[in-house]
Amino acid sequence: MSETTSTNEEKKKPPLNGRRAIPSNNSNEEENEVPEIEAFGLIPRGFNPKDYLRAVDIHMFKEPHEINKQQHHTDKYYSPKLIVRRGQIFQIQIDFNRPYKPETDQFWLEYLIGRYPQQNKGTYIPILVGNVLKPGEWGAKITHKENNSVRLSIMSSATCIVGKFRLYVAVWTPFGIIRTQRNSATDTYILFNPWCQQDAVYLDDEKEREEYVLNDVGIVFHGNINDIKLRSWSYGQFEENILDACLFLMDKAELELSGRGNPIKICRVASAVINSRDDNGVIAGSWDNAYTYGVAPSAWTGSVDILLEYYSSKQPVRYGQCWVFAGVFNTFLRCLGIPARLITNYSSAHDNNANLQLDFFLDDEGKLDTKLTKDSVWNYHCWNEAWMTRPDLPVGFGGWQVVDGTPQETSDGMYRCGPASVQAIKHGHVCFQFDAPFVYAEVNSDIIFSRRQKNGIQVIEKIDTTHIGQLIVTKEVGGEGMMEITEEYKFQEGSEEERLALETAVMYGVKKQSTQDVYQPQTDVDMDFQVQKAVLGSDFKVTITFRNRSRNYYTATAYLSGNIVFYTGVAKSEFKKHSFSAKLEPSSSSAFDVVIKASEYMSDLLDQASFHFFVTAQINETGKILAMQKATVLEVPALRIKTQGELVAGKVMSVTVEFTNPLKQTLENVTLRLEGPGVLRTMKKEFRQIPANSTLIWEVKTIPRQPGLRKLIASLDSNALRHVYGELNIQVQKP
């Protein structure tokens, strides 16, 4: 028994380390003991601290309607503590036991963070009261004196640590320093300040600040390039305990407190801790359509549940896919005050070891060889952009930076990605940290179809240079629409600038194999195909068109392969094989329809109802191959949300969610979720069954907290049907 007690004691004491005098200071949660009386030497017998100036009370002006939170744009945070942004003045008032006399009394403020505060690390900040405040530097000055009270204006440094500070008021006496007691009510959160010109995250457009910092809902664009779908996501960065949960993530990532004023460092460690690979981070990814003991990625309606669950359990939350990682990352960034937006890249290249090419292998008949083909094209991939200066790079590479929390490739030994300058990616300057070659390849790779002939030689049949990164989008500022930002990442396909950017990227080590010499395509026949828009559970057709632009008569042997795929482009099963021959008359077009029946695909369908079609055709006369591939997504029915009665902050309102099952089968184990930042915390309801064609109705009562335009977001999840969403904008009146 005695042995175990001694080891426990040892555990409590930080291990000695020959390299540093004090242990690493990487937890905002931990504190040190601060002495209330710090004697200079022996205290004489007659000394009574009560004879000296003493701080009795500190007023923080921390209510949402009071001056500090109003001026600092932090009035939406659901927190009783003071929350301010760095590099900007805030006010406090100190009540003393008697009037303050500047001639004889001397007091100062102390802000401390972490367990080992040190002045040179910015974790111990003593602030003397002066006459003038310098912009962006720590300081305090008295603005008002009345009776026993003084009102102070305090300026924080525009580069200070972001986190939760403890506040003490210290008074000098001839025999020692007397401090206020530890009081958590005076704790002060200091955040990034996009409104302050000296802050590394300064953003000069007010509308953009309102969108990228203060908007607590957003839109995720998904589906695919031919069928763009969108759904709302609740970021909820102002909801109760979310700020503490975000600070906890930096503790979890063991980021030194002294590095927490630097948005580059914060983004880099956060992109690793958002996923659970190699550090037990926030979300466990799952792409295999089996979500036992967890929540299906498509069922989440926002970030709040995920962050709060992680904050309390300290265990990875199951499960996420790219938009979930990106949604939670966006909440983290906006919560700390870093402007951020969620990006979707349609037809995103993956696993490309930065060689700028995806290899699709065909067998000698022109069918896709699934064993050899390891690369995949994601229908879409979501990441984030965070706005900041990049003093570590040459001038011109600040602004939007790509950060990605989805675990795809390791970077410096961990699953993380970014920050990578969007501007550097566009111009091919991929030598600049972090992970620019990987992102460059995600938006710029070529697809190379090569075929193994009977003699074993690989022949390149087709190179598709335009399929990858066709469309890059984000939500528009101040609206619900889509804003295309493809040209932020790349120049116009085929332009001189694009070629230069590519050559620059190759010069900086992005590998590109030269394939031009071996490749002579069939240029006088074009092939294309269209997939009919279809609702889940119905038949649809694929139309293949050939255009023979030559004067020759050709015949073609064509093959269509239909695969059910994950949105990552990885095939689960081939559900349709169809071969046909086509006669191609000179100078004319011909079309061929292939019908896809619901019965062929329903049993194998995955949660994103996503298909991938390959069509290959061999021109018999020349032996050349035409190849094309496209993804398509089925239409999924929506949830309907309605409200009854008047919508007033502080009063009960009623919300109904309705859903009609469109399938020819009963839905089992159905979960509904409903949430709306400022209106209601996430609510869940389980239904055992919804028979075919029947309608379910769920009514919820709630009391909206905040007036203004709010959004309700709902999702339905079941084994047979996923990605079912609904949303409703509501106007909540002031009471």
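Every residue, even glycine, has its Cβ placed from backbone N, Cα and C.
According to TrEMBL, the region 'Disordered' annotation covers 1-33.
What TrEMBL lists as domain 'Transglutaminase-like' is 314-407.
Annotation source TrEMBL lists active site at CYS322 (among others). Around CYS322 (active site), the C-beta neighbours below 8 angstroms that are at least 6 residues distant in the chain are TRP378, TYR380, HIS381, CYS382, TRP383, THR406.
Residues or ranges marked as active site in TrEMBL: HIS381 (among others).
The Cβ of ASP404 (active site) lies under 8 Å from the Cβ of SER271, PHE325, ALA326, TRP383, ASN384, ARG416, CYS417, GLY418, VAL439, each of which sits 6+ residues away along the same chain. Residues annotated as active site in TrEMBL: ASP404 (among others).
Counting only residues at least six positions away in the same chain, the Cβ atoms of LYS490, PHE491, GLN492 sit under 8 Å from the Cβ of GLU498 (Ca(2+) binding site). For ASN444, ASP446, GLU493, GLU498, the entry in TrEMBL reads Ca(2+) binding site.
Excluding the listed site residues ASN444, ASP446, GLU493, GLU498, the same chain places THR465, THR466, ILE468, GLY469, LYS490, LEU502 with Cβ atoms within 8 Å of the centre of the Ca(2+) site Cβ atoms. Just so you know, of the binding-site residues ASN444, GLU493, the Cβ with the fewest other Cβ atoms around it within 10 Å is the one at GLU493. For HIS381 (active site), the Cβ neighbour count at a 10 Å cut-off comes to 28, with all displayed protein chains included.
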